[in-house]
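Asker: Below: one structure in structure tokens.
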Amino acid sequence: MTSTLVTGIAELVTNDPAVGDGSPLGVLRGAAVVAEDGRVRWTGPAAAAPAADRRVDVGGRAVVPGFVDSHSHLVFAGDRAAEFAARMAGQPYDGGGIATTVAATRRAGAAELGGLAAARVAEMRAQGTTTVEVKSGYGLTVEHEVASLTAAAAVTSETTFLGAHVVPPGAAREEYLALVTGEMLRACAPLARWIDVFCEPGSARAFDGDEARAVLTAGRAAGLGLRVHGNQLGPGPGVQLAVELGAASVDHCTHLSDADVAALADGDTVATLLPGVEFATRSPYPDGRGLLDAGVTVALATDCNPGTCYSSSMPLMIALAVREMHLTPAEALWAATAGGARALRRTDVGTLAVGARADLAVLAAPSSVHLAYRPGVPIASALEL
Ligand code: NIG
Ligand code: FE
């Protein structure tokens, strides 16, 4: 197998606290990386780098672990630009627009859905994302959820069955729940690693705590790992349910009680914050600073979807987390890489420790602080060796 030596790295963020400056980011300056067989084989000072078959000189740029976007909805057709414009003119977000995307997604064929998902993943890679989780949830029939997960599985191994996104238009709640926990789950489980549920008791078509529990326990019995959309639009049971059931992550976490924060701090569930949603729905941001100060493990993700955040940019999420949720640039970068990996229960991504996947993001900048310092400037791109 060919080995590659990457040189010219002004600043290397490894996320390995055992190397470099002793911080959680494990920063090395004037560094080099050797990759072989898709894995990191060596990191250290450039002067001490071992020989390799080929060399890539990044010319004084910073290198960080490729971003781990642990929450996205990339399988959909159509867009909701008009809904966004109306929201910016004062309309609130209530999830009602999901039906618009469900209709467009059902009309699209399998080839179109696959092409749309692949194009969105390419857009993410061009901005430094090397691992992405992709949910279904805009099909909401057995046939269309299977088609959505088939498209997702073609672009990632981190596939999530979100049949319990909303009760679809025209369906009765109890029958739909029986379908999601029965026939639809049986058809979709072989295509998915995870199951997710939109737990939002205040929303007419999403699911309350008891319904979400039924979805998650059925998913677990089918061999799937657990994820939850919780506490997005208002307070609710989602966070505590996720922690109680040992979900890998509970996502949004916009409206948290002290008890929710305490449960997250004591539990094993990552709090994944999606600040692009607050940006695009003009909502108050989650208390990212408070979660970190309470000892909660925090991840950042895009939630890329046509309703609440049609952005695929992890650098934008980092900038928003720093500006709006008072994370330091270092904390935000960790959350967008190592935090995302924790949210997916992965140890081979989100780090450039020896043995990890050689998934790099190269920054057209001398330090990773520029991710937040230069918002909107496309400085990051993926380099997978
Ligand atoms: O994560 N909250 C539920 N689902 C998506 C948005 C879906 C949509 O509006 O299309 C989310 O924000
Ligand atoms: Fe989402």
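Every residue, even glycine, has its Cβ placed from backbone N, Cα and C.
TrEMBL annotations: computationally assigned, not manually curated.
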Asker: Among TYR138, TYR285, which residue shares the 4-imidazolone-5-propanoate site with ARG80, HIS165, GLN232, THR308 according to TrEMBL?
Answerer: TYR138
Asker: Would you mind sorting out which binding-site residues among TYR138, HIS165, GLN232, ASP303, GLY307, THR308 put a C-beta under 6 angstroms from ligand 2?
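Answerer: Cβ < 6 Å from ligand 2, in sequence order: ASP303.
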Asker: Within the same chain, and leaving aside HIS71, HIS73, HIS229, ASP303, name every residue whose CB is within 8 angstroms of the centroid of the CB atoms belonging to the recorded Fe(3+) site, in sequence order.
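Answerer: Neighbours within 8 Å of the Cβ centroid, excluding HIS71, HIS73, HIS229, ASP303: SER72, LYS135, ASP196, ASP251, HIS252, LEU274, ALA301, CYS304, ASN305, THR308.
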Asker: Setting TYR138, ASN305, GLY307 aside, what same-chain residues sit with their Cβ within 8 Å of the center of the Cβ atoms that define the N-formimidoyl-L-glutamate site, listed in sequence order?
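Answerer: Other same-chain residues with Cβ inside the cutoff are HIS73, PHE76, ARG80, GLY97, ILE98, THR101, GLY137, PRO306, THR308.
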Asker: What is the interatomic distance between the Cα atoms of HIS73 (Zn(2+) binding site) and TYR138 (4-imidazolone-5-propanoate binding site), given in whole Å?
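Answerer: HIS73 (Zn(2+) binding site) and TYR138 (4-imidazolone-5-propanoate binding site) have their Cα atoms 9 Å apart.
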Asker: In whole Å, how far does the CA atom of GLN232 (4-imidazolone-5-propanoate binding site) lie from that of ASP303 (Zn(2+) binding site)?
Answerer: 12
Asker: Name, in the order they occur in the sequence, the residues of the same chain whose CB lies under 8 A from the CB of HIS71 (Zn(2+) binding site) and which sit 6 or more residues away.
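Answerer: Spatial neighbours, sequence-distant, of HIS71 (Zn(2+) binding site): GLU133, LYS135, ARG227, SER249, ASP251, THR272, LEU274, ALA301, THR302, ASP303, ALA343.
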Asker: Output, ordered by sequence, the same-chain residues six or more apart from HIS165 (4-imidazolone-5-propanoate binding site) with a CB under 8 Å from its CB, or 'none'.
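Answerer: In sequence order, ILE98, LYS135, GLY137, TYR138, LEU140, PHE198, ALA206 meet the Cβ cut-off.
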